[in-house]
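Colleague: As annotated in TrEMBL:
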type	residues	note
DOMAIN	B:27-247	domain 'ABC transmembrane type-2'
TRANSMEM	B:26-50	transmembrane segment
TRANSMEM	B:56-74	transmembrane segment
TRANSMEM	B:101-128	transmembrane segment
TRANSMEM	B:134-157	transmembrane segment
TRANSMEM	B:169-187	transmembrane segment
TRANSMEM	B:221-244	transmembrane segment
């Protein structure tokens, strides 16, 4: 990498993927008869290059389908580029979809461990932090040893988020997660993220809420149909995005 | 080694699967044991009238059970491996960890079932007063080879099913045919000598014969035949693993 303090480095990254319209043989045969497309090639990211330094808070904005989520999956390492190079340094913690790794039959406590190791936390670390995790989730103690299928969706979400914020990450990936939960808890999450920011954690923040991006981020990347249309200070990016939206 | 690095993840994913199942139903672990046991009872009732079982030399229920348990492990492992990646779609899209850990954890959970239902097998051997020889620990070696073979095949099928869901239906059909081509209900000796070579190229047949040799006979393993089994297992594993790792970077895009 060119500089020592860069943590994410995208070098002319292109990402193609195939939209598979048919998942079963029946659909495939059907489509062949009707001469429909069976595979659609999508150019999701077009020659994307950027560099994120340690401690930066970058907001990624753009319309649906502009490639924001694809960008996140590539930073997270779950999806590889078709061409170009992606370099990411440090421990990544995605604030994942509400309890993606949760199992409804397991108790809250068991799910904390399960989700923790999925996110790459050591078992000992979870053990040391379990009190803090439960405190942060604001779940009553009588619920924590109950299967999570009895939880309300709010409780579910709070538990999932609490595990994620205790992962001690170098890079935090946030995808629209704050859109859910009650106002008080959202506020708490934002505070926690501000703490991360102070500790020098790099945050990549994908959001449709321009106000949150404006308050929170120090830099904006605006994606437009897979192309980086803007990369720089926050105000400029947001106003460009707004003017694009108004044109439509 | 990936497995050592991701050991605690593997452990928790495996125990998730085991725990979740026994919590779901009242009888829990009992079902795991009861299911193969009932299958064995029905099969031995039906087929004892059809086959020349007097030639086998051990009580027919014992003979069937020794083949049925490894077969059920094979079948259940592949069925759950096939649906595994699809079921864990939300994880695959968000968090990176080597995806083979998911498949491996399913197999380990099924291995737990295998050993649990094997306890009934031991009770049955005592009941029928079949001599438990000093050779039986050798079955661990056979199981290890079978595990590798199943794991390799599981990786490939899980991958295939991610792209086309028909793979699981198609393969369930294959499994049914495969079952009858494997000497679970019968012994290969029932066939004329000139046809027996077919069984040499069916790894499941090799494994099941080997299990019976160490547990029911006097430990005379056909090492040559087991060697072919091992070779096939290694080849299947290496090919599947290579393809699996090559495609891993696209899982999040297609799932």
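Backbone N, Cα and C define each Cβ position, glycine as well.
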Colleague: Ranking B:26-50, B:56-74, B:101-128, B:169-187, B:221-244 by Cβ pairs under 8 Å to the transmembrane segment (B:134-157), which is first?
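Modeller: The stretch with the most contacts is B:221-244.
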Colleague: Report, as numbers and ranges, every residue of the chain located at least six residues beyond the transmembrane segment (B:169-187) whose Cβ falls under 8 Å of a Cβ in that stretch; write 'none' if there are none.
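Modeller: Contacts with the transmembrane segment (B:169-187): 43, 47, 51, 55-56, 63-64, 67-68, 71, 75, 78-79, 82, 157, 198-199, 202, 204-205, 208-209.
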Colleague: Could you give the residue numbers and ranges of same-chain residues that sit at least 6 residues beyond the transmembrane segment (B:56-74) on either side and whose C-beta is under 8 angstroms from one of its C-beta atoms?
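Modeller: Result: 35-36, 39-41, 43-44, 47-48, 110-111, 113-114, 117-118, 121, 124-125, 128, 130, 143, 146, 150, 179, 182-185, 187, 204, 207-208, 211-212, 215-216.
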Colleague: Same chain, outside the transmembrane segment (B:101-128) by at least 6, Cβ under 8 Å from its Cβ: which residues?
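Modeller: Same-chain contacts beyond the ends: 2-3, 6, 9-10, 13-14, 16-18, 21, 29, 32-33, 35-37, 58-59, 61-62, 65-66, 69-70, 72-73, 76-77, 80-81, 84-85, 88, 143, 147, 150-151, 154-155, 158.
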